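Going by Swiss-Prot, these are the annotated features:
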type	residues	note
DOMAIN	25-287	domain 'CoA carboxyltransferase N-terminal'
ZN_FING	29-51	zinc finger
BINDING	CYS29, CYS32, CYS48, CYS51	Zn(2+) binding site
Amino acid sequence: MNWIERIINKNIVLTTKKMHVPEGIWTKCSGCVQLLYTKELERNLQVCPKCDFHMKISARSRLLAFLDQGSVCELGQELLPKDIFKFKDRKKYKDRLIDAQKKTQEKEALIVMQGTIYSMQVVVAAFEFDFIGGSMSSAVGSRFVQAVNQSLKLKCPFVCFSSSGGARMQEAFVSLMQMAKTSAALAVLYDRCLPYISVLTNPTMGGVSASLGMLGDINIAEPKALIGFAGPRVIEQTVREKLPLGFQRSEFLLEKGVIDLIVRRPDMRLKIANLLSKLTQQSFSEK
């Protein structure tokens with residue numbers, strides 16, 4: 001044994017015990033695959049500080065971060081999903097609802113709140129993608145209409161964050177009717193000259209993108225969000241052509257004039273506040 005080995009052996013303590021690291025301390029980025037400290041990721045609204053990849057964020061977390069603290073009042077909690085057709089595929093619809101409610105701790109795929117943003121009154125809604133793909137049911141449509149009505153009542157702007165796969169197939173034509181219902185409600189908002197800002201997040205597809213998602217006075221998207229009606233694979237199979245790189249991503253849509261802005265999630269609150277102050281002719285302080 002040489003002198004280095006003697007020093008090392010004296011200072012190293014061997015143990016057979018495994019170190020216990022609590023679950024949830026680290027999160028792997030879906031973009032760069034780096035391990036991130038979960039608390040830091042949460043502070044950055046689920047945006048990777050290394051590669052700026054926008055990871056999934058819950059609807060409730062999004063809204064609570066968007067509105068001023070202490071100003072929040074939730075709306076539409078009494079509007080719940082119903083198994084109108086006793087639908088069953090591989091699983092009963094009512095069982096899917098129970099599973100989704102347990103998974104997300106939410107009663108439906110749309111959460112509506114009223115409050116203030118930099119002291120400006122606003123009504124805001126957000127889709128919860130983990131609740132059956134953020135799909136639009138009759139209850140989601142009713143919650144959305146209630147949000148619009150509250151905006152009309154308060155004479156304030158309305159903001160909606162979309163993240164959805166489209167209409168909820170388990171409710172058949174009733175879910176498709178929500179496209180017309182929500183669009184008609186937004187037409188009233190437009191007639192009253194009240195601003196509606198639509199924020200399209202990853203993904204916003206199907207009936208949601210074809211109705212309320214694209215009807216904003218200003219349509220904003222998060223970076224690299226997938227936005228469209230049918231998915232790219234379905235389109236490729238239909239037209240039998242290879243689609244352009246980045247097709248249906250927010251950057252592609254901005255280039256084609258489909259959306260107005262791309263805004264990073266950490267910058268969204270201030271950007272929307274600036275837009276609302278101009279649209280409503282209100283001043284606000286960033287402090």
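Including glycine, each Cβ sits where the backbone N, Cα and C put it.
Sequence-distant contacts of the zinc finger (29-51), counting only residues of its own chain at least 6 positions beyond either end whose CB sits under 8 Å from a CB of the stretch, comprise 57, 61-62, 65, 264-266. Note on CYS32 (Zn(2+) binding site): other Cβ atoms within 10 Å of its Cβ, all shown chains, come to 12. The record gives CYS29, CYS32, CYS48, CYS51 for Zn(2+). Within 8 Å of the mean position of their Cβ atoms, the other Cβ atoms in that chain belong to SER30, GLY31, VAL33, GLN34, LEU36, PRO49, LYS50, ASP52, PHE53. For the zinc finger (29-51), the number of residues in each DSSP class (helix H, G, I; strand E, B; coil) is 6 helix, 4 strand, 13 coil. The C-beta environment of CYS29 (Zn(2+) binding site), restricted to residues of the same chain at least 6 apart in sequence and closer than 8 Å, consists of LEU35, LEU36, CYS48, LYS50, CYS51, PHE53, MET55. Counting every protein chain shown, the number of other Cβ atoms lying within 10 Å of the Cβ of CYS51 (Zn(2+) binding site) is 12. All protein chains included, CYS48 (Zn(2+) binding site) registers 21 other Cβ atoms within 10 Å of its own Cβ.
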